[in-house]
Amino acid sequence: MAPGAPSSSPSPILAVLLFSSLVLSPAQAIVVYTDREVHGAVGSRVTLHCSFWSSEWVSDDISFTWRYQPEGGRDAISIFHYAKGQPYIDEVGTFKERIQWVGDPRWKDGSIVIHNLDYSDNGTFTCDVKNPPDIVGKTSQVTLYVFEKVPTRYGVVLGAVIGGVLGVVLLLLLLFYVVRYCWLRRQAALQRRLSAMEKGKLHKPGKDASKRGRQTPVLYAMLDHSRSTKAVSEKKAKGLGESRKDKK
């Protein structure tokens, strides 16, 4: 830079605009989802699911593309394409008469079905979605394994085992609460009986005292009556004795 030349440092306004374009308004790429792997039996059919998320509304120009890479192969070939509301099955490859479109763009679904599976169908299938203006994003891949008989998945077995264990635990918890409820109910009944017995013992002495209080005047009356009777009999005996003396 020559001496006396004006400085070429960026202005603060330009720096703010650059920051806002990079940070405040980041581009959100389209996200595609598929299963990690699917299993199928020879002669059967299998559904390859494909869905996506986009920050934009579903466009009329949305497109789905499926590619297939054989097991052990290097190159992928296009086997299916959906655009302008119409499905197109590629005439190249062994899938041209065995692919069925079952997706619905309105529900962000780009799934296809492959019929009459064969061992040669083993490989990787890639789903690519474009929803203009949202066209930037990664594809998603699903690996197909074809067997003579579809093996039981490890996840299914694990889920069944976990479900069985949870069922046993819930049953034991239910049994525990039933036994506890019956025990508490019995304890409450015994407590009520004991309380009733204690109340009966407290009230019984009071009743006896009242009975004794009512019986006391009767006893005194009987005692006075016996004394008066005894005095009368003594007077009669004394009078008879004196009359006998006078006769003599």
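Easy rule for this one: first residue shown is 1, then count along the chain.
Every residue gets a Cβ built from N, Cα and C, even glycine.
Since we're looking at a predicted model, the values are computed, not measured.
Copied over from Swiss-Prot, here are the features:
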- 1-29: signal peptide (SIGNAL)
- 30-153: topological domain 'Extracellular' (TOPO_DOM)
- C50-C127: disulfide bond (DISULFID)
- N122: N-linked glycosylation site (CARBOHYD)
- 154-179: transmembrane segment (TRANSMEM)
- 180-248: topological domain 'Cytoplasmic' (TOPO_DOM)
- S210: phosphoserine (MOD_RES)
- 224-248: region 'Disordered' (REGION)
- S226: phosphoserine (MOD_RES)
- S228: phosphoserine (MOD_RES)
- S233: phosphoserine (MOD_RES)
- S243: phosphoserine (MOD_RES)
Spatial neighbours, same chain, of C127 (disulfide bond) - Cβ under 8 Å, 6+ residues apart
V32, T34, L48, C50, F64, T65, W66, G110, T139, S140, Q141, V142
Counting by DSSP secondary structure, give me helix, strand and coil numbers for the topological domain 'Extracellular' (30-153).
6 helix, 64 strand, 54 coil
Long-range Cβ list for the residue listed as 'N-linked glycosylation site', cut-off under 8 Å, min separation 6+ in sequence, same chain only, gives P70, E71, L144, Y145, V146
